[in-house]
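**Q** Supplied in structure tokens, the structure appears directly below.
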Amino acid sequence: MKFVDSARIVVKAGDGGNGCVSFRREKYVPKGGPDGGDGGRGGHVYLRANSQLATLLDFRYKKNYEALRGVHGQGSKKAGKTGKDIVINVPCGTLVKNSVSGEVICDLVEDGEEFLLARGGDGGRGNPHFTTSTRQAPRYAEPGGKGEELKVDLELKLMADVGLVGFPNAGKSTLISVLSAARPKIADYPFTTLVPNLGIVQYGEYKSFVMADIPGIIEGAAEGKGLGIQFLRHIERTKVLAVLVSGDGEDPVGEYRLLLGEMERFDPALLQKPRIIVVTKMDVVDEAFSLPDFEDDVPLIPVSSITRSGLEELRNALWNTINPSIP
């Protein structure tokens, strides 16, 4: 299934039904008076977070959503039925913005969470509402109100506990494939990963956490270079960042600092998240290799996805950072 993390849709709530102009017409009641019913309310448009969805792909094919209008009022004071509401399901982690103003409308995170996106128009009042002491037979009823209509942008931000961050070919996809059941495409060339991958990492017999592998960052990503900010937003919701640098690179410390710089330019709040430095590809480094000094107060774990060395230490460190109060 193709991964799509942005879409634009137009929603239209139902118009209200018109009020009715009607008068009693019964035998032996020559002046029956007004009896027009009220119109029904138009249908609302709701958004609902659904944990069974993982992409916004469906919205690339269906872009317009419209609820039903309310039914018009009838004689004998019969009110029109309310128009049927519609519920649009979106993946958990979907941010909704007004396409015109850019204003954030809602952020749907929890499964089943709902938001009223467009309100249906009120039903018009029938002619009995307009009687006065001097006007006993009004020939006027109120039209139904217009339902709200707006254009919105949907942005999906993945819901994961751990975000893997690194330059292309840092070993992110290989690492997530050995720690979880995820099977991303792996090859020895840059930008093998073109979309984010999610994997569930088991911890012990009954515990687990979710890890996200996003496409490799390059210098200038915050300004849109490479795959740019298209995927950087997917690490905004993570609880901890695993910053990967390749042990066989020429300047691991320089790579690390560049990665931090790109994240800070995109969103300074990313650097406030707990992070763990993961030095990968330890199976191919020279025997004389010694781990460089990165940051004194940030955990540093050397690993090899090939020999599996360091993986349990990394798994434990990630779990303890995500859940400091759960053994």
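Here the Cβ of each residue, glycine as well, is placed from N, Cα and C on the backbone.
Summarising the annotation, Swiss-Prot assigns GTP binding site to 166-173, 191-195, 213-216, 280-283, 304-306. Annotated Mg(2+) binding site per Swiss-Prot: SER173, THR193, in sequence order. Residues or ranges marked as domain 'Obg' in Swiss-Prot: 1-159. The domain 'OBG-type G' annotation in Swiss-Prot covers 160-323. Annotation source Swiss-Prot lists region 'Disordered' at 120-145.
In the displayed structure, how are the listed features positioned relative to their neighbours?
**A** SER304 (GTP binding site) falls within neither a helix nor a strand when secondary structure is assigned with DSSP, and so counts as coil.
Every protein chain considered, the tally of other Cβ atoms within 10 Å of the Cβ of SER173 (Mg(2+) binding site) stands at 23.
Assigned with DSSP, the residues of the region 'Disordered' (120-145) fall into helix, strand and coil as follows: 4 helix, 0 strand, 22 coil.
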**Q** Which site among LYS172, LYS281 has the most other CB atoms no more than 10 Å from its CB, taking these as binding-site residues?
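**A** Per the Cβ count, the most surrounded site is LYS172.
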**Q** How many Å lie between the Cα of PRO215 (GTP binding site) and the Cα of SER173 (Mg(2+) binding site)?
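**A** The separation of the Cα atoms works out to 9 Å.
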**Q** Can you tell me whether DSSP puts LYS281 (GTP binding site) in helix, strand or coil?
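**A** Assignment for LYS281 (GTP binding site) reads coil.
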